Amino acid sequence: MVHYDAVLKHVGEFGTYQKRMCFFAFLPSLSVGMHMMAMVFLAATPAHRCRAPEGAVLAARYNWSEPELLNMTIPWTKDDDGRQNNIVCDDKWLANMAQSIYMVGVLIGSITFGDLSDRFGRKVLMFVGIVLNLVSGISTMFAPNFTAFVILRLFVGVSSMGIYLVNFVLACEIVGPSRRTLVGTVDYVFFVLGYMLEAGLAYLIRTWTHLQLAISLLSVLWLPLWCVVTESPRWLLAKGRTEEARAIVEKMAKTNGVDFPDALWEKMVESKVDVKTFRYGYVAKNSSELIVVSDLPVFELSQDKLTETPDNDRFYSAWDLIRTPNLAKKSAIIFYNWGVITMVYYGLSLNTSALGGDDYINFFLSGLVEFPALLMSIIVIEKWGRRSPHIMFMVGGGVACICTLFVPSDLFPLTMTLAMIGKFGIAASFNIIYIWTGEIYPTVIRNLGLGVSSMWARVGGIISPFVALLADSWRPLPYIVFGGVSVLGGILCLMLPETLGAPLPQTLEEAEDFGKFYKSLLQNFIYYTM
C-alpha cells in the first residue's frame, strides 16, 4: 500500500505552500500567548494599603487626622496608574484562583477540541476557537463581578488551548514526517512572541479592561484567514473525502512547483482502506492488517481513553503505563517531570512582578530567554543525548531559583539574573521532556503515554498560581519550592534510560526491560554519596 507520506515527499515536505500555510495557521498563537499570561497585568497588584482591624478604633482614641491615619494603614481605592482592581489584601488569593480556573479551561479545551476536530475537521474547529476566544475575551471586560470574570476567563482558556492544539495538528498534517518537529517549534515561537508583545501592550494600556479588550480584538485579524487556510488533506482522506483532499494536494504541488503524482495518488486510493480516526492519528485497516496512516503524537487523552495499535487488535489503556514495575517507575518519573516543568514554567512566567524592578521589562525578558533555551536544547540533545542535558537544565535551573534566597533585596539585577537562569533551564527542559517521553514509551502505548503525561502537565499548571501565594509568608519561598521540585525532578531522571541512538521499544515487554540498568545506577549513586 502507498502511504500518504509518500505523496507528501513527492510534492514537497515543506515547500512554499506548507510554509505559507503554517504561517497563516500559527498567527492565532500570538493571541493564545497573550491570553495565557494576561493575568500578570489583568490582576496586577497596585500600590495600596490594607486596613488593620484596629485602625478605626485607634484613630478615634488618639484623634488622628486623615494624614496620620494614612501613615498607619487605610483601605486601597485607586492607584496612580488608574487601574481599577480591588483584588488585594484579604482577596489577593482570588487572582491566583482565577488563573488556576483558567488552566482548568485549558485542560477542558485540550480534551474537547481534540475530539471535535477529529469529528468536524481541523479548519472548522480552529475558527470555532478563534470566534469563541473573541467573544469570551471581549465579554470578560464587561464582567459585572468576579464570579462572571472567572467563568468568562475559563472559556478564554478553553478556546485558547483549542486554537493552539488544532493549528499545531493542522500544520503537522500538511508537512512531511521530517518537518513535524520543526513546525511544532515554530508554533511555540509564535506563542512566545505573543507573550512578549503583551508586555508592550500592557505598558501602553494601563487599565485592565482596555488591555483585555486590546488582546481580544486581535482575534478579529485572524477571521479573514478562513479564506486562505485549507483543511488537512490527511483528515479528509481519513473521512473518505478523497476528491477534496486531491484538490488541496494538487494546489500544493502547483505552488511548490512540482507535478501532481497521479500514479502514487491512484495507488493510494485504490487500496480502499477503511480508516478509523483517533486523536491526532489514524489507523487504517484493510482485510489483512492494520496500517498506520499517521504517526502524529497524541497530546491529550482522558485516562480511560483506549488506543488501537498497528501490530494487533489489542486495545491499550492508561493502566498499561503502570502495569509492570519498571514501566510504572518510569511513568511516575515522567509524570512528575511533566507536572513540575509546567508548574515551574508558569510559576516563573506569572510571578515576574515579585522580582522587583520594572514589571514590563521583567515580563518581556522572561519571554525572550526562551529563544536561546529552545535553540540550545535542540543542539545539545543531538550531541549529548536526552538524559544528561535534561538533568543539567532541571538541576541547574532549580539551583538558580534556590539561590535567590541568598541575594539581598537591594541586588535586584542579581535576583533577576538567577530567575532568568531558572526560566532558561525549565524552558529547555520543556522541549526535551516531550521528545524523551515519546522515545521511552513503546510504540503500542507511545501516543497514550504522551497524552497522560500532558494531563499531568495541566495539573501542574493548575497548582502553580497557589505556589506563588507562598510569597505572602516569605518572599523567596515560591522560588525555593520551584527550585526544589526542579532539582528533585532532575535527580529522579537518573533512573530513566538514554534514548539517543538506542533502538526504541516496540512492545510492553521491551519497554519493561528498557532502562533497568539506570535503576541500579541511581542506587549506587545514593549509596556512595550518603
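Keep in mind that glycine also has a Cβ here, set from the backbone N, Cα and C atoms.
The domain 'Major facilitator superfamily (MFS) profile' feature in TrEMBL is assigned to 21-501. The transmembrane segment annotation in TrEMBL covers 21-44, 100-117, 124-143, 149-170, 182-205, 211-229, 331-348, 360-379, 391-408, 414-436, 448-471, 477-496.
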The transmembrane segment (211-229) and the transmembrane segment (21-44) contact flag, 3+ Cβ pairs under 8 angstroms: yes
Contact between the transmembrane segment (391-408) and the transmembrane segment (331-348) (3 or more Cβ pairs under 8 Å, separation 6+): yes
For the domain 'Major facilitator superfamily (MFS) profile' (21-501), the mean pLDDT of the predicted model: 82
Touch test for the transmembrane segment (124-143) and the transmembrane segment (331-348), at least 3 Cβ pairs under 8 Å: no
Cβ pairs under 8 Å between the transmembrane segment (149-170) and the transmembrane segment (414-436), at least three: no
